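A short write-up of the structure that comes next.
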Amino acid sequence: MEPQTQSKKSNRVLILDYGSQYTHLITRRIRSLSVFSLCINGTSSLNSITELNPHVIILSGGPHSVHADGAPCFPYGFIEYVEKERIHVLGICYGLQLLVQKLGGVVKIGEKHEYGRMDIEVNKNNDKGLFGNKEIGDKQIVWMSHGDEAVKLPQGFEVVARSNQGAVAAIENRERRFYGLQYHPEVTHSVEGMDTLRHFLFDICGVTADWNMEDVLEEEIKVVKAMVGPEDHVICALSGGVDSTVAATLVHKAIGDRLHCVFVDNGLLRYKEQERVMATFESDLHLPVTCIDATEEFLSKLKGVTEPEMKRKIIGKEFINIFDIFAHDLEKKVGKKPTYLVQGTLYPDVIESCPPPGSGRTHSHTIKSHHNVGGLPKDMKLKLIEPLKLLFKDEVRALGRIMNIPVAFLNRHPFPGPGLAVRIPGDVTAGNSLDILRQVDEIFIQSIKDAGIYDEIWQAFAVFLPVKTVGVQGDQRTHSHAVALRAVTSQDGMTADWYYFDFKFLDDVSRKICNSVRGVNRVLLDITSKPPSTIEWE
């Protein structure tokens with residue numbers, strides 16, 4: 001749903017991001033309450049904030065100290081704006097300290113830092129305060145993560161909860177509509193955190209739970225119709241994944257036969273992916289799709305390239321080149337060159353390609369260039385349509401169910417745009433690494449399906465390692481490749497934990513791989529969460 005200016009009493013909750021690892025979890029938690037929330041950089045201009053016309057603003061936590069040079073802060077005029085528009089503001093951790101400092105209070109480096117689970121105790125409250133009907137003396141477990149602490153509050157503020165060490169845990173100034181929590185209510189470790197957020201939004205701020213996927217679908221169809229002229233033609237790049245397929249189906253509903261889908265086999269697909277995906281498009285989704293086999297074009301340009309970012313850039317640029325060629329051919333066919341390209345970019349893709357708050361940069365110190373965001377050349381001739389760019393993965397699946405896309409297809413694990421190129425560290429064209437990886441991956445995924453655990457896992461795949469190890473197979477010494485298996489659980493791809501397989505399952509899979517795939521004699525398991533690692537290897 002594109003941000004649009006609404007009435008003063010819109011139900012939009014805006015989160016200003018100051019760099020906390022939990023910031024986007026706040027966005028997810030609020031959306032789970034059927035309230036639309038949006039996250040932007042905490043140092044965004046006042047105009048950027050006012051254009052979004054929020055009902056509530058949340059200042060996130062972050063790793064900075066308010067005393068540090070260049071510490072990120074809301075823009076000049078922010079306090080005057082929220083008071084004039086009667087907007088409720090909630091500061092979380094760093095956000096609380098920012099409010100205290102900017103409103104005339106004092107924040108100091110704490111004598112005792114507080115990290116992890118802590119007890120807090122309500123010491124002042126009424127039913128219009130942060131803790132609703134909680135009684136003075138009531139305790140709850142919360143998740144703390146701070147070094148600085150508020151030691152003197154601005155005029156008109158009062159402490160409504162303290163930690164068991166006596167530090168300020170919650171503050172409020174109900175008259176001016178400023179509130180603050182020194183802990184993270186959005187994480188599951190804060191046992192009553194969701195109750196506090198729910199009470200704050202609905203009972204204190206008067207927000208209405210009126211955001212749902214049906215409205216998102218209707219709104220996005222309107223946006224596409226308004227964007228695309230009545231005679232314009234649109235290309236959709238289908239990857240075979242959930243995101244691009246949902247995006248294509250949505251745009252097809254908006255403009256019908258003026259959508260032209262293209263599926264590119266870049267030589268980096270999984271085992272029999274082209275045949276399987278094209279069959280699904282034709283028999284289940286009834287989308288008109290042209291398949292282009294560009295294996296030679298992609299692999300020839302990737303030959304000898306080992307740097308991950310360079311691989312992504314090459315793949316992104318080659319995709320666009322192919323779409324441009326397809327557009328020229330389509331122009332001859334329909335008499336008008338298409339001007340738009342549909343992509344299934346999601347909110348986490350956009351977030352991961354944004355600059356970190358407090359970095360002083362307008363563009364990212366990037367974790368990775370996302371194939372839908374960072375790999376596009378500046379001279380791209382096609383304008384983008386990204387109808388899913390404010391949605392998380394589970395929301396996209398919900399949108400797909402509304403449009404009657406088969407559930408089995410919607411539940412497919414994510415597959416990256418650069419394909420197996422980001423699952424082969426080094427030169428993807430060296431030796432027969434692609435063929436080996438396809439075979440290993442097929443055995444792994446099919447074993448997961450046979451075990452009935454596919455839907456428990458967010459994403460599972462194999463990785464080809466560019467190393468050889470010594471082994472013994474058939475009474476002979478071998479010097480063959482090692483492969484790694486990766487499976488994670490997640491809600492939206494922003495954070496992830498590794499999946500806890502049964503040891504018997506892992507033993508069976510390892511034996512199948514080593515017995516069936518020539519050139520592999522060692523199988524490893526990746527047991528790293530995100531963070532510190534990303535889900536994909538490159």
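Quick reminder: no glycine exception, Cβ is built from N, Cα and C everywhere.
Since we're looking at a predicted model, the values are computed, not measured.
The ATP binding site annotation in TrEMBL covers Ser239, Gly240, Gly241, Val242, Asp243, Ser244, Thr245. Taken from TrEMBL, the feature domain 'GMPS ATP-PPase' applies to 211-412.
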Let me make sure I understand the structure: which of the binding-site residues listed (Gly240, Gly241) has the fewest other Cβ atoms within 10 A of its Cβ? Gly241
I need the neighbours of the ATP site defined by Ser239, Gly240, Gly241, Val242, Asp243, Ser244, Thr245. Which other residues of that chain put their C-beta within 8 angstroms of the C-beta centroid, in sequence order? Leu238, Val246, Ala247, Gly344, Arg412, Phe415
For each of Ser239, Ser244, Thr245, count the other CB atoms within 10 A of its CB; which of these binding-site residues has the top count? Thr245
Same chain only, sequence gap of 6 or more: which residues have a CB within under 8 Å of the CB of Val242 (ATP binding site)? Gly344, Lys393, Val396, Arg397, Gly400, Phe409, Leu410, Arg412, Pro414
Quick note, Asp243 (ATP binding site): same-chain residues at least 6 apart with CB under 8 Å of its CB -> Gly344, Thr345, Leu346, Leu388, Lys393, Val396, Pro414
